[in-house]
């Protein structure tokens, strides 16, 4: 049994805990603690009731020291609640934590990870792109087999790299990618404003529900970290749209061989049924963003939107639930980190 602690109980932290149970991985993963500055009542309420994902199927209760996830009227899992701002004070050693899932969105350096380890954790997995000096950055399904036991501080990348990198891998292996551009069409996030208010980014001073808002993105850097050969070969832009969840990615790549639309789509179908099963999905149904809410895949390709120009310019539309898909990959990566330790032992 892998013992994990969740540091930060916001959108991703709560989805990670919920995914442990909804994916059936509670047979492999035990959440022993959650560290969050908010009050237990609010933590329990937001875990039980979620605007995007609906009610959690497990009953949640709490006291001042624990969350309780109930299996039935008599069986439940207690999860220790902590309210500590300093990593160094966290009791990971006493709780025998194997991996900290750091979902704060604040910490992300090798030093931050080392602080968790010095507090007693064996390893750390960040829920966002970390600094370049981390031991590894994993996009599950693409490079998780590179994990080694000595990789103690690891990043799970971002929701958008988890979405687009598997598709880039498939296209490159099949056709050879020369260059590409990406437009991320991302749902609103909690760094935006409900009504106009101050923010360091002037575009994000504007009400999230009233505009399509361009924001900065480092997605191309995330691609380069996984595929160094694509250094300076990809560019990306991102806009936020007035929806609460689900992201669409408009991918355009120039390839080195001549293809037709069916060639591209069939390559994705083959990958979704084999090497990237449970990571990539494919659809030709006339769906819209809400239909991908709570979808556990990293990427879902809409084959009806695939286009090919002049044989070598390929455009694709790729969907993802930027919360739920990513939370499920956090669990996959954590289990892969555990497996890497067992192999080398």
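Cβ coordinates come from backbone N, Cα and C, glycine included.
Per Swiss-Prot, substrate is bound by 158, 159, 160, 217, 218, 240; the candidate from 152, 204 named for the same site is 204. Farthest C-alpha pair in the substrate-binding residues 158, 159, 160, 204, 217, 218, 240: 20 Å apart. The secondary structure of residue 322 (NAD(+) binding site), as reduced to three states from DSSP, is coil rather than helix or strand.
Recorded residues residue 159 (active site, nucleophile) and residue 218 (substrate binding site) have their alpha carbons 12 Å apart, per Cα-Cα distance. Of the recorded residues, residue 217 (substrate binding site) and residue 186 (site 'Activates thiol group during catalysis') place their C-alpha atoms 11 Å from one another. Within 10 Å of residue 160 (substrate binding site), as judged by C-alpha distances, the recorded positions found are 186, 322; the full candidate list was 11, 12, 186, 322.
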